[in-house]
């Protein structure tokens with residue numbers, strides 16, 4: 001017995017047989033140990049052949065185990081188990097060797113062991129019974145005329161079935177979604193496939209535009225016989241490159257597998273069209289020192305026209321991998337696959353609608369499909385149609401499906417209330433005092449009412465679930481009948497096709513309509529139902545909001561109120577700048593109502609005015625009121641961009657420079673939060689060339705970063721602040737606080753000297769902030785003191801400041817050229833510092849109120865007024 005004349009699978013089975021003998025404490029390797037090991041080998045050919053012959057493999061394996069247990073085990077010291085081979089096992093190998101010679105093979109393979117076992121082993125004979133000829137035929141089919149010339153022959157057996165999937169067969173079985181549209185690309189692919197040489201199309205397009213769908217569409221046309229005569233007998237196999245590479249342990253095994261696949265394709269005489277998705281992976285696949293990569297193995301067959309191949313890859317990967325190998329590139333014909341427009345996407349979604357309804361057991365409204373196409377096109381800018389629209393519909397269906405599977409909120413609340421009352425009831429039953437008895441009686445009455453309510457709701461939910469289940473079942477039956485009709489028409493079974501088309505399908509459609517009408521009549525409007533089974537445009541809007549953070553769903557009442565009173569909310573934080581507040585809040589309202597220009601940002605403003613008048617504060621308060629947090633504001637301090645080259649920090653370093661992979665500060669922030677407030681603070685400090693980047697943001701609502709990706713700014717509010725012209729404003733403002741026309745012109749003159757006209761012309765509005773008046777200061781004092789009280793609240797302390805003291809604080813800190821900041825510092829010195837010293841020195845108890853007054857010497861006095869008990 002020469003182990004080197006056996007395949008790796010047989011060698012592995014013998015090794016496993018030795019281990020089995022050791023487990024059973026047997027000195028000899030019995031025939032059952034070898035056969036059991038062969039059966040349990042990973043990817044066992046022995047097992048695969050028996051399964052295809054419909055033999056109970058598990059029972060056969062158990063029979064081998066039972067037979068092994070009948071052999072006498074040997075106990076003792078220094079006994080070597082599994083060192084010798086039994087007479088019957090030796091006969092098995094000898095007989096297998098004779099089969100090897102009969103098949104003209106070079107190595108003993110698993111099929112030889114199986115043939116030998118069928119002749120020698122009684123257990124195997126018993127289970128195979130009268131299926132000997134069937135197994136011989138299966139072995140012949142599996143081998144496919146190949147000879148065992150290597151120690152890993154299984155690689156060559158049925159290579160296409162192992163490393164690919166038959167798309168035409170999947171279409172026949174109804175496993176594939178229908179392909180709608182893409183007729184021109186499919187026709188182009190068919191034309192290229194019909195050529196004599198270089199008949200290999202490669203589909204090139206962005207991810208998600210439907211490259212794979214075109215090949216699936218071709219497979220569907222082949223099944224429907226809607227192709228030229230030359231393609232009628234063809235089948236399309238999708239090659240699974242990952243399966244081809246996975247588990248290739250030995251050097252050259254990958255090449256061996258690929259050669260086996262190509263050999264099968266070649267021997268089919270052009271009947272098999274090989275589809276390789278992500279074809280760029282072939283370039284370099286399996287490449288090791290001195291080895292040939294997969295791309296080079298394909299070239300000769302492609303050139304001779306022996307291999308019909310369809311490839312699919314993206315533009316970037318085609319350029320990076322295939323264009324570099326010009327010899328491979330010239331063997332393919334390019335078919336450009338462009339992104340479909342919104343109308344085509346809606347048609348595609350309508351075609352897929354029924355399949356998704358049947359799969360999820362829901363009903364999809366047409367307006368949900370329209371919303372999915374339109375909203376995904378508008379808001380999800382980093383992906384492509386129709387993929388992103390299909391994903392939206394699928395996600396919305398899954399959301400409704402999960403809701404249908406769980407209890408409605410109303411019933412859930414009642415269930416929890418009943419459980420709570422039952423626990424309370426069991427506790428009160430153990431009490432004997434009158435108060436507890438009284439409470440128990442009240443509780444039992446409430447529990448009875450809640451249980452009655454629970455039963456009514458449960459009954460309603462069960463009724464709705466039953467009706468929905470009936471609808472789902474009827475839709476599934478209709479889908480199966482339509483699939484059966486297609487099969488009957490394809491197979492020219494006219495009698496069955498007529499029965500389905502004019503009998504079964506109309507009847508099922510009628511029954512489905514009746515069920516839907518009854519459900520509609522009984523349950524009323526969708527809003528009255530306990531369980532929702534309809535996907536509407538609202539669900540689509542909610543999912544777009546989840547994915548992007550952009551609010552596109554319908555306005556709820558609370559948000560409606562917030563938007564209508566947005567200017568009032570902003571006025572509470574920003575004092576004295578009515579025009580600026582109104583302009584910003586109006587822009588937000590326009591955007592949320594859906595009537596803003598879809599190709600520009602929500603708003604772009606330049607705030608001009610002296611320091612400390614509320615320019616930055618307005619941007620912060622807008623972010624806080626829109627997103628409930630100032631953290632959603634993207635703040636960029638333009639004083640950091642004083643050099644011309646600093647613009648690369650906004651959009652990312654160019655290729656070849658350090659930090660190219662990190663992206664830009666502005667572009668990356670907006671990609672993560674497309675709905676945000678962008679504050680470009682102190683713009684006059686930046687280099688003027690930096691603003692050239694803003695041109696396309698302000699006009700087109702997008703910016704291309706250093707990697708060539710387009711970043712969408714259409715859902716941002718851009719606010720720039722500057723102190724340009726602040727001196728003119730301070731000197732020429734009226735006593736009433738109004739800004740005169742001449743002052744405005746003087747400020748604009750200063751502005752034109754700094755900014756280029758094309759930037760100023762693209763802004764929605766240039767807002768002049770007026771210097772703060774003495775009246776404004778008193779309001780700001782109130783605001784600062786409110787914030788101080790919020791901080792003190794954590795220590796259960798409060799502060800009350802008299803009106804005289806507030807007026808004195810505003811008067812003393814009033815410096816028009818510096819705005820509100822001196823007031824903040826003045827309050828820190830006059831109130832916060834003395835208060836902090838008192839707190840550290842005296843340690844106020846919780847509930848203390850400190851009263852601050854102004855004495856006759858114009859000094860502030862601090863009195864501990866009262867302590868709350």
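Cβ atoms here come from the backbone N, Cα and C positions, even for glycine.
Taking the Cβ of residue 210 (ATP 1 binding site) as reference, residues of its chain lying under 8 Å away and at least six apart in sequence are, in sequence order, 179, 182, 337, 340, 386, 387. Per Swiss-Prot, the feature ATP 1 binding site maps to 205, 206, 207, 208, 209, 210, 211, 212; the stated evidence is similarity to another entry.
Taken from Swiss-Prot, the feature ATP 2 binding site applies to 609, 610, 611, 612, 613, 614, 615, 616. In the three-state DSSP scheme, residue 615 (ATP 2 binding site) is classed as helix.
Feature annotation from Swiss-Prot assigns coiled coil to 390-524; the stated evidence is similarity to another entry.
Taken from Swiss-Prot, the feature domain 'Clp R' applies to 3-145, supported by sequence analysis.
Per Swiss-Prot, the feature region 'Repeat 1' maps to 6-71.
Positions annotated as region 'Repeat 2' by Swiss-Prot: 85-145.
Annotation source Swiss-Prot lists region 'NBD1' at 158-339, citing similarity to another entry.
As annotated by Swiss-Prot, region 'Linker' applies to 340-549.
Taken from Swiss-Prot, the feature region 'NBD2' covers 559-771, and the record attributes it to similarity to another entry. Summarising model confidence by region, the region 'NBD2' (559-771) averages a pLDDT of 79.
The region 'C-terminal' feature in Swiss-Prot is assigned to 772-869; the stated evidence is similarity to another entry.
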Would you find the one among the binding-site residues 609, 612 whose Cβ has the most company, meaning other Cβ atoms within 10 Å?
609
Rank the binding-site residues 211, 615 by the number of other Cβ atoms within 10 Å of each Cβ, and give the residue at the low end.
211
Taking DSSP three-state, what's residue 211 (ATP 1 binding site) in: helix, strand or coil?
helix
Count up the helix, strand and coil residues in the region 'Repeat 1' (6-71) according to DSSP, in that order.
48 helix, 3 strand, 15 coil
Take the C-alpha atoms of residue 612 (ATP 2 binding site) and residue 206 (ATP 1 binding site) and report the distance between them in angstrom, rounded.
49
Taking DSSP states H, G and I as helix and E and B as strand, how many residues of the domain 'Clp R' (3-145) are helix, strand and coil?
97 helix, 6 strand, 40 coil
Between residue 209 (ATP 1 binding site) and residue 613 (ATP 2 binding site), how far is it from one CA atom to the other, in Å?
51
Check each residue in the chain of residue 208 (ATP 1 binding site) that is at least six apart in sequence and keep those whose C-beta is under 8 Å from its C-beta; list them in sequence order.
383, 384, 385, 386, 387, 388
Should residue 609 (ATP 2 binding site) be counted as helix, strand, or coil on the basis of DSSP?
coil
